[in-house]
Amino acid sequence: MPLATLDNLTGLAWWRSLRFKVVLVVMLTIACTLGVVLANSHRLATDALEAQTKAQLDALQPLLNASLAARVFQRDHSEINSIVQQLVLSPDTEINYIVVENLRGEILAAAGDDTRLPAPDSSVLTALDDLTYHAQMDLTLAGETRVGTVRFGLSLAGLAGLRSQVLYQSLLITALTLPLALLLLLWGGHLASRKINGLLTATRRIIGGDYSQAIKTDSRDEIGLLAAAFNHLQESVARQINELEIRNRQLHRLSEENSRQLASLQVSEARYRTIFNAPSDAIFIHESPSGRITDVNRAMLAMYGFSYEEALSLTVADVSANVPPYTMEEAGRKITAAINQGPQRFEWHARRKNGELFWSEVSLRLASFNDQQFVIAVVRDIHDRKMAEQALANEKERLAITLQSIGDGVITTDRQGRIMLLNNLASQLTGWSAEEAAGRPLPEVFQIINERTGESCQNPVDQVLASRRTIALENHTVLIGKDGSRRPIADSGAPIHDQEGEIIGVVLVFRDMTEHQRLEKELLKVKKLESVGLLAAGIAHDFNNLLTAVMGNIDLARFLLKKEQPDAEQLLNLLADSKKAGLRAQGLTQQLLTFARGGDPIRKLASLVAVIKDSAAFVLRGSGVSCEYQIADDLWLAEIDQGQISQVIQNIVLNARQAMGENGRLLIGACNLAENEAPGPRRPGKFVAITISDNGPGIPQKDQELIFDPYYTTKENGSGLGLAICHSIVSKHDGYIEIASEPGTGTTFTILLPASRQSLPPTKPATAPEQQRQARILVMDDEEMVRRVLQQTLEHLGHQVSTVTDGKQALEAYRAARDANNPFDLVIMDLTIPGGMGGQEAVQKLHALDPKARVVVASGYADNPVLADYQAHGFAARLNKPIMLADLQRVMQQLLAD
């Protein structure tokens, strides 16, 4: 038999055998025939099931419509429920569940084991999953009018069982036929191919390398002769193969050993080169003790500028400055020290190929390879660092000199708010030395509180980092020193940026404002006197006019009263005119008091519109200057001292009036500035901006820089205090004031005041006075006329009144009335009694005597701080002199209504 045929025999699979092919063809034929029969049985059974189900539905639908449609229309729920229960329970209908709905989809009745209302089945096959055919039909009257819907599930259990029996019997016949046919075919094939299979099996084993068994055959035909020839061939080939396998194993072991050694060397070399070339530092390997360079890494070539071949021929002198102490001899001593004493590290002035010198850091270490010693030198380029250190040292020295020489306290911190530096003045003001403060959190050293509230101020570092710009910090700030001392300061902060523009810290600059505040108070007093003098003529003119009206009406009234039958209506008109003039005099007095006020502001929530207009009108009265207002309709409110802000506007308007002359034109505007809209370095928040522009000659640039300095003036008879006072008042309101002027075009002052987030309380509508009970009232005032007028007025209102002249008498009278079991219901006290106990002191002692005492404070000093916060001083209400009858009635109603 040819060799190719033998090769094919060794790879002959069972599915390629003739016996398998014959059996396969016959079995496929039988299987196809049985499959066709089985499929046809399935189709017939399914069609029968479909037909039977449709027949049941066709029979059931008219029955359901006839039984339920009329009752659904009549809404006979009980009858509907009874019918559906009978349908489900009846074995003839084979209904699993039934649900009846009206036209709105509301369930009228339901029965059965499945009322989930699944979707209707489209065919019987889809209903076989749960053996229930889900159906839906409309309920109609007379076949036309739809009155509802019925959903039901038709049981397929019986029909499906018959179908399953038919299919089962078909499958059983198929299952019995196929194995029987297969057994018969296999037995016939075995008889035909038994001898050939035996020879093929033996041949495959020999071709596969199994020479241990000879081919067995008991036949004497050609197959038997072929088996004997194969047995002789097997023995010869087996001997030769055994010898070759022995030699092959020996060569294989030798080859594996060589491969392992070569791979290990390659990995070791690759690892060494990777590690050697990975660092950014230059590496030299020197022979010991000669110092000859045997190897360098890539970083050395890049750092020094040599090629690899050039580097191996270099000496230490070629890469050194060769200027003492960076010479060949010194390098030799360093190498010797590394060999004898251990690792060495030092700075070295090195030289590149192009002659450029640079600073480096050298580390020397002794190492051994293959019983030979080498010195490894690792060189790091530190030239930039050395230059930066030198520049930093120089800059630090210049900065230290600058910081110590300036007249403000300076503190620098890092981003976390830890102190890095203090100058001498900062150390003096805080009480901390630079060494003590270094590394401490800023609030621990720079402890600041609000001057008015005493509350701790926000960390300046947080404010600067949040805004990322230079900001003016809180006004009215008090610095608490290490020893507990307190001093007012003005401070500002700015971010410190690195070369990339990133914030790396914060610098704070602050100064002691103690002397400045004392000077401001003195300036304020002087300016008030000057301002009052400037306005005295106008005020005197107005007062004389008003007094003329008052006194003239009084004289005319007295003249009319001397007649036998005086005209009562004419007398009332004269008295009314006198009262109007008196009220105008009161308003003028209030304006004068407002103009003269000073000190710390007593701030209240207020609208700036009236303050701006009233203040400007007060100064411009009697002049020829025209004034135009451009004020936003929705101008925000602000917490201000109306008197002090009025004084600021009056001072600026007065300066403009004097600069423009009698034919000038003034433009006053006010608008809202939202968050971060205010120009320049400002503290965060919303502002109200007030601008006052004139068309005067303007102010030169050199004068603008000094315009707010005390005693600086360009006017011939000026004191230089007006704008300094304006600056002080605005600053105390946490605001800003600025000037913009061009010679020949005019001047504009801009005032920025913090806007308030609050709103004015709604004004209560006027109501008719409530009926007051009769009360006992004690009046304390040092002026006899005031006591008499108040007594007569209160008695006219139906009250019992007693009067005293000072606080001591008031306490005695109140105690006596209380002991007599006839206490006073109300006490009216004058705030200030010259030479005696005033209301401020008396109310405290009165509350000690009777905590429930109700006391009203009255005063002609409208700017007194006690009146601004009277309840905090123990008073229940206040009256401003001159006291009007309406105000008195309002207070009586308020305190005696209960």
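FYI, residue positions are counted from 1 along the chain as it appears here.
Including glycine, each Cβ sits where the backbone N, Cα and C put it.
As annotated by TrEMBL, domain 'HAMP' applies to 190-242.
Annotated domain 'PAS' per TrEMBL: 268-342 (among others), in sequence order. In the predicted model, the domain 'PAS' (268-342) shows an average pLDDT of 87.
Positions annotated as domain 'PAC' by TrEMBL: 344-394 (among others).
The domain 'PAS' annotation in TrEMBL covers 395-468 (among others).
Feature annotation from TrEMBL assigns domain 'PAC' to 473-525 (among others). Mapped onto DSSP classes, the domain 'PAC' (473-525) shows 12 helix, 26 strand, 15 coil.
For 538-757, the entry in TrEMBL reads domain 'Histidine kinase'.
Sequence annotations record features per position, and here TrEMBL assigns domain 'Response regulatory' to 776-896.
Here TrEMBL flags ASP830 as 4-aspartylphosphate. DSSP assigns ASP830 (4-aspartylphosphate) to a strand. The number of other Cβ atoms within 10 Å of the Cβ belonging to ASP830 (4-aspartylphosphate), over all protein chains shown, comes to 26.
For 20-39 (among others), the entry in TrEMBL reads transmembrane segment.
What TrEMBL lists as transmembrane segment is 166-187 (among others).
Residues 22-23, 26-27, 30-31, 34-35, 37-38, 41-42, 44-45 of the same chain lie 6 or more positions beyond the ends of the transmembrane segment (166-187) yet place their CB under 8 Å from a CB of it.
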